[in-house]
Ligand SMILES: N[C@H](CCC[C@H](N)C(=O)O)C(=O)O
């Protein structure tokens, strides 16, 4: 049981995470426990939980990370989660130097510390994949790209572009964006049957060729103030549709993330990380 469980709390632009380090504290992973720890009323409260560092078979220099949503589900990737975990690794003394490699179920990400204290971090988020089979999206043949296709909701059709940046995303361009609209459409799209693994949802407003504004509904977390992988997905969708330059700023309610595409089309994500506190669960707490 989680008695005396030690944890660290961080946020990235208002997207907050707990870090639990299994090399420092015993943790019996269970979906119900993740839900209870992330509960803002009865637990610690967060938009997700990061478990690591874990050993990476065949790559002793890399740091393994598992990422959980507040509903207890596991995600393949998280942009803010990767930056937060990178800062944790530095603060905890697991990493010494200018960068590290973090391994999640979606693969290995190269991380660079742009500030020596880990407060500004860049992550190579890899190549976006727009093919239906990569997301997965079952509304098109697996080899076709999901670029501005209709998705039918009970309230009527919407036009979507969907992609994977390691985790699945669905991007809409409603003209202007609002939290209310993200909260209205988000849950319907997240659980649409054409997304068998569910999906993260972004509403995007193109401000100009170097700035986009997004509102986010996250799979397994709901409405959040910021999301790193969502920033990458929205930027990659805009680039693919010819709407932006190769360097742009993604504006979210919690703040901004900078995105740059390499010549090969890889997504470099840069953003801040704030350490909040370290704590221990009360010995008598029960999930
Ligand atoms: N809810 C996401 C994971 C967290 C993503 C987000 N917080 C980020 O910064 O990328 C998913 O299930 O794919």
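Each Cβ is built from the backbone N, Cα and C atoms, and glycine gets one as well.
The substrate binding site annotation in TrEMBL covers 15, 69, 79, 80, 167, 200, 218, 219, 228, 229. The Cβ of residue 228 (substrate binding site) has 12, 15, 78, 79, 80, 81, 82, 83, 123, 125, 257, 269, 271 as same-chain neighbours under 8 Å, each 6 or more residues away in sequence.
Sequence-distant neighbours of residue 167 (substrate binding site): residues of the same chain at least 6 apart with a C-beta under 8 Å from its C-beta are 75, 76, 77, 78, 106, 200, 219, 229. When the Cα positions of 15, 69, 79, 80, 167, 200, 218, 219, 228, 229 are compared pair by pair, the longest gap among these substrate-binding residues is 17 Å. When secondary structure is read from DSSP and collapsed to three states, residue 15 (substrate binding site) falls in the strand class.
Other than the site residues 15, 69, 79, 80, 167, 200, 218, 219, 228, 229, same-chain residues with C-beta atoms no more than 8 angstroms from the centre of those residues' C-beta atoms, the substrate site, are 48, 75, 77, 78, 81, 216, 221, 224, 227, 230. All chains included, 28 other C-beta atoms sit within 10 angstroms of the C-beta of residue 79 (substrate binding site). Mapped onto three states, the DSSP output places residue 167 (substrate binding site) in coil.
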